[in-house]
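Colleague: Pasting a structure below so you can have a look.
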Amino acid sequence: TVYTVGDSAGWKVPFFGDVDYDWKWASNKTFHIGDVLVFKYDRRFHNVDKVTQKNYQSCNDTTPIASYNTGBBRINLKTVGQKYYICGVPKHCDLGQKVHINVTVRS
């Protein structure tokens, strides 16, 4: 399954609760190995950093596991477990531009 993060809103700083990546977007989806996350955004203003849980919680992007900046990033989910993504532009993560998912094996 291909999932566009934020659906039609895409990957952006949430304004007035228009997007809630964890509670409204990710919480009602089941992610499996083989699925694809698509981050759509204006690369002049945003990016995507895969980070650890600790860095997700503190919005620290100084040591990302991986970085993406095409504006149309396709991330293949290849391993099980918790995955954490933030926007590395200053203050964007603090304002809610972050998402975490749990990848499981398809039964």
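Each position is counted from 1, following the chain as shown.
From the backbone N, Cα and C atoms, a Cβ is placed for every residue, glycine too.
Features from Swiss-Prot:
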DOMAIN    1-105  domain 'Phytocyanin'
CARBOHYD  N28  N-linked glycosylation site
BINDING   H46, C87, H92, Q97  Cu cation binding site
DISULFID  C59-C93  disulfide bond
CARBOHYD  N60  N-linked glycosylation site
CARBOHYD  N102  N-linked glycosylation site
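If you look at the structure here, what lies around each of the features I listed?
Modeller: Looking just at the domain 'Phytocyanin' (1-105), the mean pLDDT is 95.
Cβ-based neighbour count (10 Å, all protein chains) for N28 (N-linked glycosylation site) stands at 7.
A coil conformation is recorded for H92 (Cu cation binding site) in the three-state DSSP classification, outside any helix or strand.
Residues near C93 (disulfide bond) in space but far in sequence (CB under 8 A, at least 6 apart, same chain), listed by position: C59, D61, I86, C87.
Proximity of N60 (N-linked glycosylation site) to non-local residues of its own chain (separation of 6 or more, Cβ distance below 8 Å) is seen for V51, K54, given in sequence order.
Using a 10 Å radius centred on the Cβ of N102 (N-linked glycosylation site) and all shown protein chains, the other Cβ atoms total 12.
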Colleague: Specify the count of other C-beta atoms within 10 Å of the C-beta of H46 (Cu cation binding site).
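Modeller: Its Cβ shell of radius 10 Å holds 20 other Cβ atoms.
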Colleague: Test of understanding: give the count of other CB atoms lying within 10 angstroms of the CB of H92 (Cu cation binding site).
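Modeller: By my count, 21.
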Colleague: Residues other than H46, C87, H92, Q97 within 8 Å, Cβ to Cβ centroid, of the Cu cation site?
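Modeller: Going along the sequence, the neighbours appear as W11, K12, V13, Y41, F45, N47, I86, G88, V89, C93, L95, K98.
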Colleague: Rounded to a whole number, how many Å is the Cα of N28 (N-linked glycosylation site) away from the Cα of Q97 (Cu cation binding site)?
Modeller: 18
